[in-house]
């Protein structure tokens, strides 16, 4: 039992009872009984043992003991940790001896924390040791010179030399105040924990301890002040971590939950009976009062509010223009002025400046200062709003789609080529040129391997092949447009080869050979050139017969041009064809040559270089007029051969023209006055010569250079196409009418992709079937493709 309980038991008033023989008197008190009554082990006893112990203590107490205990103070009673006192019979309280424990294993907590002294009256006085608080104690150490005046302002002690009292009642003298020099030194050499405040209880400078500084640092850094506290301890689910199966939570379902309730059935039957009798109505119409209440609740304050119309003379204020790149705090470098521009802006008058500020690069937004002209700009804005007159401009509400031309659907414009039907393989290297014969049966190709090959168009079977260039590629091949004789012209190196393939029927082959042989007689009757003219470079070349090997393979004539020809174009009658040598080393007078098949004659129509636009690139005859179109790098010129005059100069605006073609229909239907131009700068241009010298339409659908453009040769299908280095062909619908009030209609139809890009080159050339809506393309991948 605790000491407090012992004291209560000793001071309790007990009734006098007679001593029995088995009860000990107070003088015969045993030490073991007292030890059991005062030690802490009594807490482990049961309630029955405590009751018996109280009875023993009451029996052991005597009248003399009660008187002595009444004289004891509460602070003289031993604490729970004190050892029991031994009392002998006939001894007083002064004779009590403090028992000592000789056992070395006893701890310091079991030693008594008091000593017994005599007071002034001679009574025993218990003097306790000072409490040494630990970390778990509510007590704290008191400083020796701590001021104990409490919550009293120090101004009460202004007239006294002291400022309070310590715990022993001694005066605490006022601390000495430093002079100005000391204050200056203190401000320079700031000690650790310095706050600049004065402690109201001591009058000394208030300094914080290391623990207080650490606490302030943690609070400032938003850290947890308490040491060792972990805010992210693992969650301990006290109520759900262990599933306890017991009748409270996992009891079996009662039977009443599966059996219909009889009481509910009775109540439902009462309601059904009342509904049948009419005492309960399933739907009760709301009363008028409730409807009025609902109307009042749902009243809309602005239900009848009408929008206030603007004044007839009201004109809204114009909005400020949105800021541009030059107003950014980190503008692009091209918007930043250099030193010259900055100096010119600073020297100019404010009225003459283009803008009120100079673009400045601050690097980051936090470095941007305040705008100095902010107030001035707002003031001028206010002046403009109420002083400047306003003008209302009517805005036209135009549908953007109405501005676009209404193009028909591609499905309505069929037929046009859309799929690859045949692939022609056999050339080694790039296929530079191809051509479909006027009958539409054969396809002629020429490539880097120096061979000219003739294929069957529908099947892709090779029928004829001849090698005309040992090291030079075949740059261009073209069929004679007439059907009475079949002649194939091929340019390889510096020569032009006229070939009659041995794949024709005998009659057609003989007619073709007779056409070429007729020219030999005219050339023989022509006077021979003089010796002085033979050395000139401008002397037209003489047609020669081929070698025996070439003659056996169908080559009938050779024209030595002395320069590489890149373009061949036949006249519609089949008796003339023009060649162009665009090389930079070619003389201007020999770049363009016109050849007569029936006379074996070559002429140079231009004695001087064409002005402007660079060397010539390609040339074509007009389909119905005696006009020759010659294209150089930048312009297309039309020459009247009968009058020998320059008719027109067409300016496509391209950097480098690669090819062009003339509309095949007659001039009476305005077809011959339209042409298309392809350029190496990825543009396809449509020209209406009656409209302007400039392009009517510019189409930019390719990512790389355009190599060839071509109209469909018959007027039956209004189709044209272009071939590009991006490996694709673009098919267009271009209808031309004779109405002078209507323009040409151009509709993109299909993008054909199949050739592989080899060496940055894609599709090199293309041609149309003379009767069908088919086209054939030659690629740098060594193949040709028929598109249907």
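Note that the numbers count up from 1, one per residue, in the order the chain is shown.
Cβ coordinates come from backbone N, Cα and C, glycine included.
Here is what Swiss-Prot says about this protein:
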- 1-12: compositional bias 'Basic residues' (COMPBIAS)
- 41-79: compositional bias 'Acidic residues' (COMPBIAS)
- 100-111: compositional bias 'Acidic residues' (COMPBIAS)
- 115-125: compositional bias 'Basic and acidic residues' (COMPBIAS)
- 318-335: compositional bias 'Pro residues' (COMPBIAS)
- 337-354: compositional bias 'Basic and acidic residues' (COMPBIAS)
- 426-465: repeat 'WD 1' (REPEAT)
- 469-509: repeat 'WD 2' (REPEAT)
- 611-649: repeat 'WD 3' (REPEAT)
- 652-697: repeat 'WD 4' (REPEAT)
- 701-742: repeat 'WD 5' (REPEAT)
- 758-788: repeat 'WD 6' (REPEAT)
Q. Any chance the repeat 'WD 1' (426-465) and the repeat 'WD 5' (701-742) are in contact, meaning at least three CB pairs closer than 8 A with a sequence separation of 6+?
A. no
Mean per-residue pLDDT in the repeat 'WD 1' (426-465) works out to 93
Long-range CB partners for the repeat 'WD 5' (701-742) (under 8 A, at least six residues beyond its ends), listed in sequence order, are 410, 413, 415-418, 658-665, 668-671, 674, 676-684, 686, 690, 748-757, 760-768, 770-771, 773, 775, 777, 779, 787
Beyond a gap of at least 6 residues from its ends, the CB atoms lying under 8 Å from the repeat 'WD 2' (469-509) belong to 429-430, 432-439, 442, 444-452, 454, 463, 515-516, 546, 550, 553-574, 577, 579, 595, 597
Reduced to three DSSP states, the repeat 'WD 3' (611-649) has 0 helix, 19 strand, 20 coil
The repeat 'WD 6' (758-788) resolves under DSSP into 0 helix, 18 strand, 13 coil
Counted with DSSP (H/G/I as helix, E/B as strand, rest coil), the repeat 'WD 2' (469-509) has 4 helix, 16 strand, 21 coil
Across the repeat 'WD 1' (426-465), DSSP labelling yields 0 helix, 22 strand, 18 coil
